[in-house]
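Student: Copied straight from Swiss-Prot:
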| type | residues | note |
| --- | --- | --- |
| TRANSMEM | 140-160 | transmembrane segment |
| TRANSMEM | 194-214 | transmembrane segment |
| TRANSMEM | 513-533 | transmembrane segment |
| TRANSMEM | 570-590 | transmembrane segment |
| TRANSMEM | 615-635 | transmembrane segment |
| TRANSMEM | 656-676 | transmembrane segment |
| TRANSMEM | 680-700 | transmembrane segment |
Amino acid sequence: MNKSTEYIDLLPLSDAEKAALPTSDMQALHQALDAEGRVWAREDDSPLGSVKTRLEQRWSDSLKGDQLIKDDEGRTQIQAMPKATRSSMFPDPWRTNPIGRFWDRLRGREVLPRYMAGLTKEERAAEQKWRTVGTIRRYILLLLTLSQTVVATWYMKTILPYQGWALINPADMMGQDWLVSLMQLLPYVLQSGILILFAILFCWVSAGFWTALMGFLQLLIGKDKYSISASTVGDEPINPEHRTALIMPICNEDVDRVFAGLRATWESVKATGQQAHFDVYILSDSYNPDICVAEQKAWMELIAEVQGEGQIFYRRRRRRVKRKSGNIDDFCRRWGNQYSYMVVLDADSVMTGDCLTGLVRLMEANPNAGIIQSSPKASGMDTLYARCQQFATRVYGPLFTAGLHFWQLGESHYWGHNAIIRVKPFIEHCALAPLPGEGSFAGSILSHDFVEAALMRRAGWGVWIAYDLPGSYEELPPNLLDELKRDRRWCHGNLMNFRLFLVKGMHPVHRAVFLTGVMSYLSAPLWFLFLALSTALQVVHALTEPQYFLQPRQLFPVWPQWRPELAIALFASTMVLLFLPKLLSVILIWCKGPKEYGGFLRVTLSLLLEVLFSVLLAPVRMLFHTVFVVSAFLGWEVVWNSPQRDDDSTPWSEAFMRHGSQLLLGLVWAVGMAWLDLRFLFWLAPIVFSLILSPFVSVISSRATVGLRTKRWKLFLIPEEYSPPQVLVDTDRYLVLNRSRSLDDGFMHAVFHPSFNALATAMATARHRASHVLEIARDRHVEQALNDTPEKLNRDRRLVLLSDPVTMARMHYRVWAHPERYSSWVNHYETLKLNPQALSTL
């Protein structure tokens, strides 16, 4: 490496400007680049003086404002965040002991639940109408669900083969051989377990059915007097005193996709002319050093391209406390009191300006609303699996979302993103204390969104779903295994949340939300246990002689019975509950026009294919979710990796590794049932053959080529593909642009490349004052890093270096000034290729 000359060649200067720079040594070069002419005490600190010049040479369009400042030691720093104005945000400890709460009530310490006590009489009167309606509706839902379950369970009891329940007397069995007693009791024990599990699972299915049915009626009629979207006409002026922060917490995400969606969203906001009411905060918890540098570069490009200086901010936390919820809490403590509202965006979120301004207007029209959740539509993926899921959520999702709103009204869900939140009550009431105790269900809350909604409602604020507000989008995982990775952490989080079921002051609706969150995953092991007991009952029936006489001196035998007409009727009614919501969804599309879904025939064929696909995947999800639930109870660690946000196919090796046990179970199950009773295999066929085919379905459905073929055939077509909204078109266009100029190996470029080193140095957040002890630590970090090979420098050590401007400057200086001493670093860097487009567009 010809140090000075090669260094100068990397600077974005004209030939004349390059020729004017000294080439004698690196210290002189950095002093020449230092416009202020400061003399640094240490030779290897000289790059600190040239940071400002190197930044302005490369990123002049991004630095038009007052972003460049000096820290207390005179080092150049990019002011990536506004000045903090701190607020206190402390969580209340959880009180989950119902006995203690009952004792407080006896002593008169708790007169009203907290969600009522926080309201004035006028506010109570204003909300009493919809609250009463919601309560009546939920009692009706409970009555419908329970009555339907009772009837179905009675039918189930009558079709079970062993009907001698009333004749079993444990006292009569005490004097007989234990094996005889076991043979008498075993079928009835199995049947009792089957009946209990059937009742629970049928009740769960019934609740979903009535939710979808009411959503269908709501959407078919088209009028909802309690819809929060009806509270504005959509063109009211926004109060300039009520500003909104768009916050996007990210962690090791696809940088190109994140900033493409964010740019499209911001440009859509600008198109409304209301951008003065909004600021954007990118809140990074990334701990991959290469991604951290890529985020900094992408932020600088975004500011330059949308003229976002002073309105688009970036921050990377060095201490990742409480993950996403802690990141949001940290924002609220430092900058929350500067805003009336905040909209939480996920890394894959895209929202139109009309949707965002509409959410703000809804907040202003409903001063008692604490959270308003939009209904994001899934789009943007090309694998067969993702397109099938997009179609399902786009077709069936509106029914269930409208149905949830019908039953819950202002005591509804919050899904953690694409929602607007009133900041002041969120700060005052929604801080999350860790769950007490030890074990896998203690500590920081993992799934924070449902809990924050419950706390907001407990404090007296409404939580609404604006199910009919368009312009909110998200992406789904591209394949089954990536979806299951996400499900694993959601499963653990929902199981943790159930510990809050008895917490003081929670609204009954949100207690039910915690219960349904648990059942979303607990239903899988219950279903598996139901199938296992049914199989065991069939084994007992096939291999043992029935016990016809269950009591001494019994005159008539108890014959095992089979009533196929009732079994078929019960099976048919269960299938109606499961599949009628899908049919109602398509009927709704037929009524309102199926053109955007490919036309009448294609949307119908897509429905049938999606039903087949869901039948194939349901047993696979059942087994995975069963493992997730068991692992959570056993305390196995849950790894919070960011889900794959891009189209990605599953390799055959991974598919057989993940699904191999399911394939084996399906084969053993099928062969065993075929040997025992071929007729029973007919009933189990959808289960066992789905398990046998699971690795093949997983791989084939993960391929974008198959998905794009169905797209050409207009199968699984959704309106966002038929007529893409501008914000999604822009997202795709900016994603292609970002891909063409993406930065790989960001940390190494931050050490070597003049421009990226200047950016990393100016963005470093460890701005300490002069300290002899700190200097010793810095030298130790730099020496240890450079004396090892780059491959041996682990992630945590790289992050320590990247967070300190002095260590980044010293490493930069040393590898250029003494390449022979640090040849392992120089040789490694020379093997890396910097994307030529990564800097050419700036």
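Numbering starts at 1 and runs along the chain as displayed.
Even glycines carry a Cβ here, placed using N, Cα and C.
Worth saying up front: this structure is predicted, and the values here are computed from it rather than measured.
Could you place the listed features in the three-dimensional structure?
Tutor: Long-range contacts of the transmembrane segment (194-214) within the same chain: residues 141, 144-146, 148-149, 152-153, 156-157, 160, 396, 399-400, 402-404, 406-407, 516, 519, 523, 526-527, 529-530, 533-534, 537, 574, 577-578, 580-581, 584-585, each at least 6 residues beyond the stretch ends and with a Cβ under 8 Å from a Cβ of the stretch.
Non-local neighbours of the transmembrane segment (570-590) in the same chain are 152, 155-156, 159, 202, 205-206, 208-209, 212-213, 216, 219-220, 395-396, 398-400, 597, 600, 603-604, 607, 610-611; each lies 6+ residues outside the stretch with a CB under 8 Å from one of its CB atoms.
Beyond the transmembrane segment (656-676), the same-chain residues lying 6 or more positions past its ends with a Cβ under 8 Å from any Cβ of the stretch are 481, 535, 538-539, 542-543, 619-620, 623, 684, 687-692, 694-695, 698.
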Student: So what's near the transmembrane segment (140-160) in sequence-distant terms, Cβ-Cβ under 8 Å and 6+ beyond its ends?
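Tutor: Distant Cβ neighbours of the transmembrane segment (140-160) are 191, 194-195, 198-199, 202-203, 206-207, 210-211, 407, 562-563, 566-567, 569-570, 573-574.
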